[in-house]
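Novice: From TrEMBL, here are the annotated features:
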TRANSMEM  B:6-24  transmembrane segment
TRANSMEM  B:36-63  transmembrane segment
TRANSMEM  B:83-101  transmembrane segment
TRANSMEM  B:113-133  transmembrane segment
TRANSMEM  B:153-173  transmembrane segment
TRANSMEM  B:180-200  transmembrane segment
TRANSMEM  B:206-228  transmembrane segment
TRANSMEM  B:235-256  transmembrane segment
TRANSMEM  B:276-298  transmembrane segment
Amino acid sequence: MLVLAGVAVIALGFLLRFNPLLVIVVAAAVTGLAAGLDPLAVLAKFGHAFNQSRYVTAIYMVLPVIGLLERAGLQERARGLVGGLRGLTVGRLLAGYLLFRQLSAALGLNAVAGPAQTVRPLVAPMAEAAAARQGEEDGEPIRALAAATDNIGLFFGEDIFIAIGSILLMRGVLEGYGVRVEPFQLSVWAIPTAIAAFLVHGARLWWLDRRLRRRTR
Amino acid sequence: MIGLNLVYAVAGVFFAACALLGAVDRRWANALFHALLALSFFAGDAIGDLGNGVLVLALVATATSGRMRRGEPEAASEPHGPLLALALVIPAAALGGTLLFKRLPTLIDSQQATLVALTLGVLVALALGHWLLRAPPLAGVRAGRRLLDEIGWAAIMPQLLASLGAVFALAGVGDVVGGLVGGAIPAGSVLGAAVAYGLGMALFTIVMGNAFAAFPVMAAAVGMPLLVRQYGGDPAAVAAIGMLAGFCGTLLTPMAANFNIVPAALLELRNRYGVIRAQAATALPLLLFNVLLLWWVIR
């Protein structure tokens with residue numbers, strides 16, 4: 001039970017809005033102490049895992065390209081794209097992006113889109129421009145919704161692809177219990193939730209359009 | 001063989017360039033932060049586990065010193081050049097390269113095909129961009145440095161959380177949580193077991209920031225012994241739907257920093273938790289859906 005002290009540190013630290021990096025390091029130290037581990041062994045484990053997960057941080061190498069294009073007016077160009085399409089609302093735009101993200105993730109193409117690659121330079125400015133035309137002046141919740149739509153599309157599309165990490169993990173764990181399943185059997189069971197995700201989030205987007213329409217009337 | 005070595009070299013060069021540019025602009029804390037990151041990407045495999053541990057502590061000390069400054073805004077010019085086409089170079093390269101490199105397993109590590117393709121796409125897009133937009137040579141790296149400073153310390157949060165997960169695993173946190181959830185289920189109730197498994201996946205994912213860490217624990221505590229063995233549920237369905245219930249938890253937690261906190265910084269949201277707030281109204285109904293689907297599958 002004592003090892004849960006680290007979890008408590010995380011919860012309290014985030015709740016009280018301390019710097020998250022500090023909270024994480026303290027939580028690791030507290031967990032190690034509570035489990036009676038050697039502090040140096042905990043530090044070594046922490047360093048090892050940090051080194052092994054560098055690929056997460058490598059994605060920032062796209063920033064020079066995004067920065068270069070934004071400097072030349074990419075966001076403005078993306079906004080202009082919306083101006084040419086009269087019937088395009090923020091809800092329809094994001095629903096279309098949701099579908100694209102789910103389908104491409106289902107084909108295993110996770111890195112085709114993402115917050116740095118597509119949301120910041122293209123989707124968020126387009127969504128903001130569409131929402132502004134519908135009378136929404138505050139861009140912040142619209143940008144947040146664009147990032148949310150990207151995550152939801154990715155999470156509830158990728159498990160349909162049979163060679164994704166989570167499918168391999170599930171297969172490995174089940175095999176540990178002597179249960180053999182084919183990746184295909186697992187990916188089929190991701191389809192109902194993928195459809196539900198599109199319906200739930202799509203309904204919210206439709207609702208947003210409706211709310212904006214009523215407000216301006 | 002070409003794999004993560006190329007990816008890490010290119011990322012390392014970018015971080016090193018950010019450090020140099022930061023030093024030139026006298027943004028010392030930012031320069032130190034980026035120099036430490038460059039060190040990690042260039043020499044991470046050479047300095048040992050303890051060396052990496054010390055490196056992380058130095059990164060965190062720099063990040064929490066309060067001396068790191070935000071990126072300075074830069075006015076964009078009137079749109080000129082084939083910007084949308086250039087913006088699609090990276091996604092197109094990631095797509096085409098992934099498909100192509102999977103066929104060249106001796107030349108390129110097929111496990112890392114997408115990351116290698118993405119890296120090459122970045123290099124091509126950067127070269128094309130400078131050429132077609134007639135930008136000065138360092139314009140891209142300068143603009144990238146500004147964006148990286150906009151993200152600030154949040155840039156390394158996903159990696160730190162992965163490390164925390166490793167310490168949790170070493171200390172046996174998962175077994176304790178699994179035991180607690182397993183003990184809370186009323187005997188003989190299929191719905192109770194389905195709820196405990198689905199909510200347990202979501203809650204444990206919220207704590208760990210990662211459904212991958214939660215799955216083996218909940219499978220051991222509830223999924224295999226109760227849902228599969230006792231109530232005869234299809235193991236494939238129990239596993240897949242449980243994982244998706246965990247993904248609902250990922251949408252709700254600041255611990256999943258690369259999905260929830262980094263984008264908030266990247267989109268310059270005032271509220272650090274703005275993305276999570278936008279996701280909650282989708283995640284909660286979807287979690288309910290997954291629990292009911294699980295119950296329906298087993299019943």
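From the backbone N, Cα and C atoms, a Cβ is placed for every residue, glycine too.
Any idea what these are sitting next to in the structure?
Specialist: Same-chain residues lying 6 or more positions outside the transmembrane segment (B:83-101) and placing a CB less than 8 Å from one of its CB atoms are 107-108, 110, 113-114, 116-118, 120-122, 124-125, 128-129, 132-133.
Long-range contacts of the transmembrane segment (B:113-133) within its own chain (CB-CB distance under 8 A, at least 6 residues past either end) are made by residues 2-4, 6-7, 10, 80-82, 86, 89-98, 100-102, 139-140.
Only residues 6 or more beyond the boundaries of the transmembrane segment (B:153-173), in the same chain, are considered here, and those with a CB under 8 A from a CB of the stretch are 33, 37, 56, 59-60, 63-64, 68, 208-210, 213, 255-258, 261-262, 265.
Cβ atoms under 8 Å from those of the transmembrane segment (B:206-228) belong to residues 161-162, 165, 168-169, 174-175, 177-179, 181-182, 185, 193-194, 196-197, 200, 234-235, 238-239, 242-243, 246-247, 249-250, 252-257, 294, 298 of the same chain, restricted to positions at least 6 beyond its ends.
Here the transmembrane segment (B:235-256) has Cβ contacts under 8 Å with residues 161, 197-199, 201-211, 214-215, 218-219, 223-224, 227-228, 272-273, 276, 279-280, 282-284, 286-287, 290-291, 293-294, 297-298 of the same chain, all six or more residues outside its ends.
Residues 190-191, 194-195, 197-199, 202, 227, 231-234, 237-238, 241-242, 244-245, 248-249, 251-254, 260 of the same chain sit 6 or more residues outside the transmembrane segment (B:276-298) yet have a Cβ under 8 Å from a Cβ within it.
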